[in-house]
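According to TrEMBL, the features are:
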- B:6-135: domain 'tRNAHis guanylyltransferase catalytic' (DOMAIN)
- B:ASP29, B:GLY30, B:ASP76: Mg(2+) 1 binding site (BINDING)
- B:ASP29, B:ASP76: Mg(2+) 2 binding site (BINDING)
- B:ASP29, B:GLY30, B:HIS31, B:SER32, B:PHE33, B:HIS34, B:SER75, B:ASP76: GTP binding site (BINDING)
- B:139-270: domain 'Thg1 C-terminal' (DOMAIN)
- B:222-256: region 'Disordered' (REGION)
- B:234-245: compositional bias 'Polar residues' (COMPBIAS)
- B:246-256: compositional bias 'Basic residues' (COMPBIAS)
There are 4 protein chains.
Amino acid sequence: MAGTKYAYVRTFELPDTLLPGTFMVFRLDGHSFHRFSDMHNFTKPNDARALQLMDHAARDIMEEYPDIVLGFGESDEFSFLLRKSTTLYNRRESKIVSTLTSLFTSSYVFHWPEYFPNNPLKYPPSFDGRIVLYPADNHVRDYFAWRQADTHINNLYNTVFWALVQQGKQTTAEAHATLRGTVSKEKHEILFSRFNINYNQLNEQFKKGSVLVREEIPEPQLGATPAIPAQEDNFISTPETSPTGNKKKKEKRKAKPKTHIVVLHCDIIQDGFWITRPGLLID
Amino acid sequence: MAGTKYAYVRTFELPDTLLPGTFMVFRLDGHSFHRFSDMHNFTKPNDARALQLMDHAARDIMEEYPDIVLGFGESDEFSFLLRKSTTLYNRRESKIVSTLTSLFTSSYVFHWPEYFPNNPLKYPPSFDGRIVLYPADNHVRDYFAWRQADTHINNLYNTVFWALVQQGKQTTAEAHATLRGTVSKEKHEILFSRFNINYNQLNEQFKKGSVLVREEIPEPQLGATPAIPAQEDNFISTPETSPTGNKKKKEKRKAKPKTHIVVLHCDIIQDGFWITRPGLLID
Amino acid sequence: MAGTKYAYVRTFELPDTLLPGTFMVFRLDGHSFHRFSDMHNFTKPNDARALQLMDHAARDIMEEYPDIVLGFGESDEFSFLLRKSTTLYNRRESKIVSTLTSLFTSSYVFHWPEYFPNNPLKYPPSFDGRIVLYPADNHVRDYFAWRQADTHINNLYNTVFWALVQQGKQTTAEAHATLRGTVSKEKHEILFSRFNINYNQLNEQFKKGSVLVREEIPEPQLGATPAIPAQEDNFISTPETSPTGNKKKKEKRKAKPKTHIVVLHCDIIQDGFWITRPGLLID
Amino acid sequence: MAGTKYAYVRTFELPDTLLPGTFMVFRLDGHSFHRFSDMHNFTKPNDARALQLMDHAARDIMEEYPDIVLGFGESDEFSFLLRKSTTLYNRRESKIVSTLTSLFTSSYVFHWPEYFPNNPLKYPPSFDGRIVLYPADNHVRDYFAWRQADTHINNLYNTVFWALVQQGKQTTAEAHATLRGTVSKEKHEILFSRFNINYNQLNEQFKKGSVLVREEIPEPQLGATPAIPAQEDNFISTPETSPTGNKKKKEKRKAKPKTHIVVLHCDIIQDGFWITRPGLLID
């Protein structure tokens with residue numbers, strides 16, 4: 001065969017199998033999104049449409065890859081937890097990282113017009129992705145706690161910062177100077193005393209980020225409001241339909257209960273979230 | 001700081017630096033593109049619009065990443081050569097693989113309507129990517145020879161196969177049976193005797209794939225036809241404009257001659273292509 | 001400085017950090033020990049002196065590296081468990097693998113004359129080593145169960161095989177043929193009916209391998225027989241003295257109870273061994 | 001089979017293949033040899049017996065592993081070059097690193113009494129090893145130049161330092177202070193003016209380290225003095241006999257000319273050494 005004499009070049013492809021029995025956390029981040037958000041006039045400090053588009057792309061990934069059991073997003077980043085027993089693509093690192101990053105990106109561009117109908121994309125945005133392995137449950141919980149704590153810190157800062165700029169008419173340099181060295185309590189106070197904003201009453205999505213989990217659809221009440229633990233009152237639910245339409249085949253394979261993916265804006269640092277969802281860390 | 005007690009989770013991020021002084025070949029492949037091409041009614045055996053869209057996305061990547069000096073595409077795959085001295089993202093494997101795959105995907109979805117104006121995307125397509133390292137010039141040449149030989153083999157097979165099906169009214173199973181065990185010469189003969197097709201006169205893009213290289217723009221004749229070696233008569237040239245619009249900054253940094261990326265459909269197995277472009281393998 | 005222009009070659013040294021939070025199992029195997037044991041007239045099927053020398057080298061490693069909490073040896077192989085929190089050599093794989101293999105080898109050659117006083121080494125033996133990571137307790141237990149089950153299987157086979165050869169006067173080919181397809185029970189019966197050997201009464205070391213653990217030395221009775229759980233009646237105990245003599249320094253650093261390393265020939269497949277030693281898997 | 005249920009633990013053993021087509025440099029270093037040399041009364045600044053023992057162990061490795069084409073040693077370290085086409089142990093990193101380190105260590109301990117007949121080993125010494133990959137000839141040459149330049153720098157420093165201490169009766173602190181900031185020329189002058197030592201006339205082994213290469217044994221004059229390039233007048237030659245005695249088998253396999261390993265103390269920074277030995281870098 002004509003190609004045979006060159007086929008030796010395949011021997012340079014080295015295996016990149018990820019250690020079995022460990023949780024994979026896949027995180028992706030927007031590439032140069034500071035500029036991207038400026039170019040597309042994102043609302044500051046948070047653009048609800050942009051966040052919902054991120055959530056949509058995340059949901060598409062989770063619908064396509066059942067081994068992803070949890071997603072957490074804030075700003076231009078999203079983290080996903082794959083069960084530790086997953087054998088997705090034989091646990092090949094490049095294959096998993098590139099495919100998940102690609103599908104997320106594709107979904108983001110594909111659904112853009114639904115969220116920005118009057119604001120067409122000016123150029124194709126991109127994301128980078130990576131996988132970090134965590135051997136134990138507590139590492140996974142601490143990882144997601146780290147991201148949600150970060151969400152809180154960043155959002156509080158940005159909220160005050162943009163209030164100072166937009167309503168307080170400070171320059172961005174002045175706003176940074178005003179905030180330098182302030183602790184959390186002082187930031188709350190600036191917001192309340194100078195701008196009459198009660199931080200605690202702001203949109204939960206901005207303060208807590210987006211938490212995507214699978215919930216079972218109760219059999220008799222198909223289509224009814226899914227039963228969500230009472231304390232989590234912010235969510236969007238979508239009936240799970242695969243973005244690539246190959247749902248039927250999968251459902252035949254396994255007689256598992258029907259699930260859909262819900263978007264919550266709840267606390268994932270405390271025990272409650274994890275205790276009520278033992279399946280997240282079980283295998 | 002609130003997040004500090006969790007920040008230890010970052011110690012699980014291990015370095016994935018790629019060996020310095022080696023060529024990187026980045027290859028991406030369409031994910032489930034058999035189904036994707038069916039769902040979007042791609043012409044068989046080759047869909048010119050789909051191939052041009054692949055070329056467009058490839059050009060976007062090369063415009064954004066000057067360290068990519070060569071691209072080669074066929075069907076739903078594309079390979080890119082990064083110079084061996086590149087320090088892109090400090091040679092971190094996941095960062096490079098995920099970012100390049102993401103930008104390619106993004107560009108593919110972004111430019112889809114230009115190539116399929118009456119055929120909107122039904123769902124977001126995705127790609128997977130990987131990097132293979134090659135230490136020496138001859139490995140790189142053999143890698144690209146391998147891909148182009150593969151292009152030829154696949155295209156000849158597919159051309160006969162679809163002639164048998166579309167014009168010969170065979171079932172796909174019958175067509176595969178007809179072709180089983182045939183050598184190249186016999187396939188040419190089937191094409192010519194039964195369907196009056198001279199394989200050698202088919203579109204060069206289908207037979208040779210797409211070769212993307214940078215060509216200098218001659219200073220006085222900006223906008224004129226770029227000087228291409230005479231034997232390569234199939235190309236599309238596009239003035240290089242960054243998909244993210246940040247071209248100006250880059251041009252200031254370096255006083256290099258202006259280049260643009262050209263799409264050729266020429267032989268890259270023989271010496272000629274490489275000898276006339278010593279810069280491809282120089283560092 | 002003269003060497004400066006060449007120092008760039010260090011940039012080719014890539015990090016090889018092992019994932020934190022995972023147990024390391026370091027295993028080494030004799031290199032061409034079939035030949036080595038022939039050349040040095042090892043007794044078949046088991047040479048007690050050779051096994052004791054292996055145990056001695058293993059003890060030397062455990063005395064030098066406090067993060068090794070368990071050793072298991074059989075034939076010409078030894079496995080060691082490093083605690084999952086170990087930061088030995090910053091968890092650099094090559095450094096750990098090479099250093100531990102080197103010290104084991106060195107100790108083996110160094111102590112050879114004590115075990116083979118009339119049988120000098122004919123040439124320097126060597127070992128190879130590797131590290132396997134295990135994320136969870138059950139993996140570690142199953143790893144050591146795997147090695148001990150292997151010990152049992154091999155020893156039963158070898159015991160019958162050599163009885164057939166040495167006492168039954170079969171050729172080695174005949175002995176293999178005799179054993180082909182036999183199950184465990186049949187092997188026991190051959191031993192008992194033809195050679196009057198009760199397998200269960202053989203040396204525990206041959207049947208179970210060697211298990212090395214640290215035991216606390218009871219404070220008041222320094223030098224007295226260490227307290228070993230009653231059911232484990234086969235052991236050699238040695239007061240812990242570092243092979244490199246730097247024991248004092250280490251003892252000053254930590255006020256931990258004095259321990260020594262004991263060699264047991266006990267079951268490590270069942271729960272008992274692990275339940276009575278919770279420290280093995282604790283961190 | 002009894003062990004079957006545990007055999008899954010093998011799936012945690014991940015491949016560690018080294019990139020094909022690259023030179024491997026294997027370097028080993030003495031572990032805590034400062035202390036080791038003190039404990040065994042090594043002569044300062046150089047102990048000829050200890051260096052010859054290092055050379056002997058290095059020769060043993062090169063005799064056992066024909067794919068090692070070059071060795072370079074100084075002080076308590078040794079570097080070895082493996083041909084870039086080597087398939088030793090399928091290029092598995094841990095296997096190669098651990099086996100070579102083990103054999104070197106073993107040989108060092110085994111041959112110790114020949115070099116230190118009245119100075120028995122007090123405890124088993126150990127070494128650590130690592131492999132660095134180099135894609136191109138010039139990297140390899142620069143690596144070895146780096147080591148030899150380092151040899152020169154260290155030896156000059158140590159020679160003056162120990163002259164100041166041993167003959168000049170300075171304390172070690174004083175000697176370091178005397179040398180602080182001095183350039184090469186000043187060190188030469190101290191040696192000459194205060195101790196009447198002409199550095200250039202010192203033992204070549206101390207100044208240049210040990211260079212081990214294979215030389216063909218001229219057919220007719222077997223056993224005669226091997227033909228060594230005239231400018232290299234310091235060497236020890238040894239007829240190549242495998243330390244493990246399996247030489248005959250190997251010789252039957254290949255009809256290559258007989259070679260032996262010679263120890264030179266010549267310059268390897270300049271071109272001469274490499275030009276006269278094109279085989280070192282050829283494949």
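The backbone N, Cα and C atoms fix where each Cβ goes, and this holds for glycine too.
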Candidates B:SER32, B:SER75 (binding-site residues); min other-Cβ count within 10 Å returns B:SER32
Model confidence for the domain 'tRNAHis guanylyltransferase catalytic' (B:6-135), as mean pLDDT, reads 97
Other than B:ASP29, B:GLY30, B:HIS31, B:SER32, B:PHE33, B:HIS34, B:SER75, B:ASP76, the chain contributes near GTP (Cβ within 8 Å of their centroid) the residues B:PHE36, B:SER37, B:GLU77, B:PHE127
By a three-class reduction of DSSP, B:HIS34 (GTP binding site) is assigned helix
Cβ contacts within 10 Å for B:ASP76 (Mg(2+) 1 binding site), all chains included, total 20
Those binding-site residues out of B:GLY30, B:PHE33, B:HIS34, B:SER75, B:ASP76 that pass a Cβ cut-off of under 8 Å to chain A are none
One finds that other Cβ atoms within 10 Å of the Cβ of B:HIS31 (GTP binding site) number exactly 21
Cα-Cα, B:PHE33 (GTP binding site) versus B:ASP76 (Mg(2+) 1 binding site), nearest Å, comes out at 7
As a whole number of Å, the Cα atom of B:SER75 (GTP binding site) is distant from the Cα atom of B:GLY30 (Mg(2+) 1 binding site) by 9
So B:HIS34 (GTP binding site), by the Cβ count within 10 Å over all chains shown, scores 10
In three-state DSSP terms, B:ASP29 (Mg(2+) 1 binding site) is classed as strand
CB contacts under 8 angstroms to B:GLY30 (Mg(2+) 1 binding site), restricted to the same chain and 6+ apart in sequence, sorted by sequence, are B:PHE36, B:SER75, B:ASP76, B:GLU77, B:PRO125, B:SER126, B:PHE127
According to DSSP, B:SER75 (GTP binding site) sits in coil
For B:ASP29 (Mg(2+) 1 binding site), the same-chain residues 6+ apart in sequence with C-beta under 8 angstroms from its C-beta are B:ASP76, B:GLU77, B:PHE127, B:ASP128, B:GLY129
Cβ contacts within 10 Å for B:PHE33 (GTP binding site), all chains included, total 18
